Structures are given as structure tokens and as C-alpha cells.
Amino acid sequence: MAYHYTIRPACEIIAKILIGTEDDHEYFFRDVLLKRYSITINGKQTTPANVIERTVDLHALRVTGSSGYQKCVNYLWRGWLIQDENDPSQFVSYKKKANASYWAHINPDRMRAPIYQNATQVIFSLIYLGLYTAVINIVNRLGNLDSLEIMLYTFTLGFLCDEFSRLWKVGYWYIRFWNVFNLMLYTLLMTSLIIRIIALSHPLDQDESLKQREMLNELSYNFLAFSAPFFWMRLLLYLDSIRFFGTMLVVLNVMMSESINFFALLTVIIIGFLQAFIGLDNSDSYADSIPFILQAITNAVMQSPDFNGFDNFAPPFGIILYYIFTFLITVVLLNILIALFNSAYVEITENANDEYLALFAQKTMQFVRAPDENVFIAPLNLIEIFFLILPFEWWLQRHIFARLNDIVMPILYFSLLLVAAWLETLSANKVIANRIRGEEDDDNSEQWEQTNGEFNFKADGWDKRVRSAKPNIEDDQSTVEVGKLRNKVKELEDMMKLLLNPK
């Protein structure tokens, strides 16, 4: 194992050099970076994977930050490299990327492109947040579900089905910080819904039932209001394609990883002191201070210790023990946590650009890896589940079911496809212009390139002024100074000759 970690940097450097030296991009993308290979370990073949997937899994920053690698990822992100319909393990170029016709790009299959999937997810997340904001600001005392609440819980059900579907397909490797975070949000919302349904079972014509119904409705709204921070923080998951948010999310992820060891140490210390305090409380045969002990320990961890309550708590042992606990928490352990967070922040920000590029590659591969044949982004996946898969897939022939999906998808994504086609047309015009100039398809012309041919720098004298100001980097500076001195001595010699021999 140590041997592999030793040769890993060398392998990354060699891979980066190979990626940077290849000029035939079409061959290099299709047959080197995106072609899946499997190796044999202990007589068994591994799951086929390509270079892009391996570097994302291994977090090889040297490779993911190389220009050729990012060009390939950018092509995947835009949908210029797509999986072959006949062989999903192969990638082919999108043939219409230079087609300037608007109607040629209205194709529901373009929703498989990561850029459009990500944009659709952002749109649905904003709608989801808007629904929540409307629901939380309109409290229905009787507890009847209105149309906005039904839409909110429908969205939640769609997101839940999407999470469980991915977990079923990928396995426990799918579980990450943001998945757990989303599941916490969806659990709070579904708890609120269940309590609301229980409240609806209480009739309105009885006073006792009405009070019970109002109490349950209030509890349901409390769960709903409690989930507000989760809603807003959830937006960060879909803004990681922006460089600033992407870098900060990497920092947050590393900080959470570093804090696991700290909280393990903190838990052991808290258990030890908690047992000591409970033992002191039991010494008088009355265990009546456990809530006070738990609150005092929590306050100390939150840097708000309360020493007054320990004056009469098994003196002098109680107050001495609490002083020791507070010192360990506030002076030692919390400073260790701050140091861990600081080191994580410095480590990430020093390689902020490479970390962001690695995150962008990971996000792209989440969309590209084993995509569904028909992309129904949550909550539209509910339509796929309840109106396509359950009633038709089990008995329709495969090609007929595929045809049915091809009819439904343009209807669902009609407005989005119109916008996507307009963007694809703009991109196609840019590709055509780049090919006319002999540039790469994804080349972006700079402002100074657009002024080429508008000015005559030689006639204006600008070329001569630049050449005169240009430093001499070919010769050593001392040699240049000696040459200048020799010229001045030569001029002085000529002047002396003129003075001595005026004729």
C-alpha cells in the first residue's frame, strides 16, 4: 500500500504530461480519456472505468487540473460528447454542434447534457423554495391542505423517490454529506405532512377534537418552520458550478471530515465527565439533577458555562470538576478544532483552482455516469413512475415503450427545450466562426483579437516604440552593460581625436 502511495505522484505527473502533449483531441477524448477499461485483480475483472472517472474517484488534482482533461470535461458538460445509443460504454461527438438551424436542436435527448440537467435542477429548486416560502407564510388554522401545500409535498415525494432510486442503483457509495442533508430535510417535511394528516382525522364538531386538531396543526407548522435553514442551504448544492460556491463547498466538506475526529474525542471526554457528575448526584441517594447536568455540559461546549449552579453541587468536587471540564473544552479542545478548520481552509485555498476543477469534473460525471435512458428530473420522475413505468412498462414491448417516452418527454420539457435550442444555436454560430478562423470549437475570442486589422501599428509608430522598450533577455545583463560602456568609450575617443586634430 505504501508503495502505491509513493508512485502515485509520479503517475499523476506522467499522465498530465501525456494529456498535454496530445494534439488530436477527437482521438484522445474518444479512445484514451473516455474509453472504459477493466483490469484483472485476483482472477476477477473489475468494473470498466475510463480515465475521467478514475481521476475523479482518486481526486488526482494534477490530472484534473490539466488543460486537455478540462477540455474533455467541458465537452461532456456541454453535451458535445455524448454516449453512443447503441453502445453506452462508448462516447461519440454531437453531430449538430455546428448546425445553426434552430429547429435542429429541439430534441428531448439534449436534456441528457449535464449543463441542461443542472439548469433544470436549479429551476426546480427555486420553485421548491418559492412554494415553501408561500406555504410557511400562510398558516391555515383548520389544517386543510391547500394547492400550494399539495405541490410542496408532491415535490418532496419526487425528490425522495429520486434519492432512493439512486441509492438503490449505486449502493451505499452514493451516501455523502449532501445526500444525508437532503434526507434530513425531506424527513422533516414528511413528518409535518403525517402530523397534518393525523390532525385532519379529528372532527371539527367536537371541542376536544378541535383543540387536539389545532395542537397537531401547530406542531406540523413548527416542523415546517424548523426546516427553513435546510431549504436555503440546499441551494448551495446546485450552485457549486460557480467557482466561489464550489470552492467554499470543498472547504466545508474538508472541515466536516476533519471535525469527525474532534467530535469523537469530545464525545469520550463528555461521557467521562457526565458519568462523574451523575455519580456525584447519586451520592446523596437522589438522582434529581440530571437535566441540570446535561444543560450545564451543553452550555460549556457552546462556550457559555454557568458556574452558579455548582456551588451547592457536592462541594467542593462539583465546582472543581466543572472548572476542569470547562477548561478542557474552551481552552484546549475548541482551539484544536479551530486549528483543524484553519489548516483545512489553508490547504484548500492554496489549491483553490485545482479543487474547483476537480469538483466540476465530479459534478459532470455524476450526470454522465450510467444515465437513465430517459431523463425525468425530480419531481417529473413521479410522472415516469406512476404514469409510465407502473401502468405500461411491464407489458408494452420495449420499442413501443421507448416511443411512448419520446412522446411524453417533449411535452414535459417543451419550454426548456425552446430555451436550450436557442442557446445551442448561439453556440453553433460561435463554433462556425471558430472553424472559419481555424480555431478550436470552444475557443473564446478575446477583445484584443477582435481589433485585429483595425489598426496599423507600424504606420502609427507603435511597433517601433515597443521594440525600443523591449528588454534584452537573450544576453546577460552584465554583458549588455559592458557593451554600452564600450560604445561610450568609443564616442569619447572620437571626440578626443576631433579636439586634438581639428583639421
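Just so you know, glycine gets a Cβ as well, placed from its N, Cα and C.
According to TrEMBL, the protein has these features:
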DOMAIN    10-106  domain 'YVC1 N-terminal linker helical'
DOMAIN    128-419  domain 'Calcium channel YVC1-like C-terminal transmembrane'
TRANSMEM  119-138  transmembrane segment
TRANSMEM  180-199  transmembrane segment
TRANSMEM  260-278  transmembrane segment
TRANSMEM  320-341  transmembrane segment
TRANSMEM  375-395  transmembrane segment
TRANSMEM  407-427  transmembrane segment
Handout entry: Helix, strand and coil totals (DSSP H, G, I; E, B; other) for the domain 'YVC1 N-terminal linker helical' (10-106)
Key = 48 helix, 12 strand, 37 coil
Fill in the blank from the handout: Ranked by Cβ pairs within a distance under 8 Å of the transmembrane segment (375-395), the first of 119-138, 180-199, 320-341, 407-427 is 407-427
Problem - Non-local residues, at least 6 beyond the ends, that sit with Cβ under 8 Å of the transmembrane segment (180-199) - result: 143, 145, 152-153, 156, 159-160, 163, 212-213, 216-217, 219-221, 223-224, 226-227, 230-231, 233-234, 237
